[in-house]
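Structure first, commentary second.
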């Protein structure tokens, strides 16, 4: 039984100057009061583990200097430490002490995101001028309150200038009576290290995922991409997001290889939310565990359909897609870009005059500062009948489909499937992926469709990280 808590974080007042340690702790205690309530409730409902969000204890809006009072020295878990019973062993650690006691008092594994500080000196050529490293850090405490895992975030999102990159990516795992777990944070999920390494090489059963995810329709919505990743990697993913509607932060879930066991998306209220679900301890041993997929098998066998040159270009944010309008109630369509050809067979329940759908393909680098390579095939609703709007965010639709089958000539085995319905809702149990790489509806769509998408990641084509080249 697993739980995640989407937390509406109490934020500090923005300041360039560091506050006092007591003021920093006072703010963190306010957030931990809320988290403690969620942890107690989860434990009472039988949860073995609970994941809380990235930035869930002190928020954001920090400079490198102003975050310092919120940081603690977090030791390597090999030291065999229970902060709840020995709080001063590694210096002042009131946050770790309280988290440890929450785990111990409720007999539950607690996963939280805090900040680590490590001193360094001139003998280390990478040592920052202020003489310390600062890390965005996940910690895990077991049912006795012992620190069993510590992970330093490797792929920092732009703007996280208050933190340092670890010199090397960390592949952090730990064993429990209910499976082998791995852990990483937010932006990490889009990269080979540590995300793919944990699953492909370390063979974890479940990934713990504190995040502060800002939703970007139509493709980078939290529940959409996180559910897709769990299905594509064929592992459980426990995703706990921060909740802040002004920054489009919402969307948490307990995601499995078969789809979401439970999820939450709320852009209307300012409230936190606790989710619980029973998951397979070892999903790969489950009779419903999905088979390995040859993601390009079907698409590469297709002869291109006529009229495929009837295409136009359009941006999804800054990525230029090749689109083709679905002009008929049903049909076969192909659209290509670069090395990727996307194929769609579909039948709409009704061809509305006020709604336009397109088949889209993208094969290229995504991102501004940090560039990584996507191959994307998508059946996508446009915000209006004006084709120049295709690719812009859209949340609502009215068109249902009797059937669809989407596939692509992907140059990677890492492909992540997902279907998103009107109102930013997932479609659990309503689609399947065949072993030949086709994403198919089972019995049509029960709700109007925003997008059906296959996200392919060509990790080997990513550009070198511009901020880590000097490390």
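Note: Cβ is positioned from N, Cα and C throughout, glycine not excepted.
Copied over from TrEMBL, here are the features:
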type: DOMAIN; residues: 5-281; note: domain 'CN hydrolase'
type: ACT_SITE; residues: 54; note: active site, proton acceptor
type: ACT_SITE; residues: 153; note: active site, proton donor
type: ACT_SITE; residues: 186; note: active site, nucleophile
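TrEMBL feature annotations superimposed on the structure.
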{"residue": "54", "record": "active site, proton acceptor", "Cβ neighbours (10 Å)": "27"}
{"residue": "153", "record": "active site, proton donor", "Cβ neighbours (10 Å)": "26"}
{"residue": "186", "record": "active site, nucleophile", "Cβ neighbours (10 Å)": "26"}
Quick one: Cα separation, residue 153 (active site, proton donor) versus residue 186 (active site, nucleophile), in Å?
9
Cα-Cα, whole number of Å: residue 186 (active site, nucleophile) versus residue 54 (active site, proton acceptor)?
7
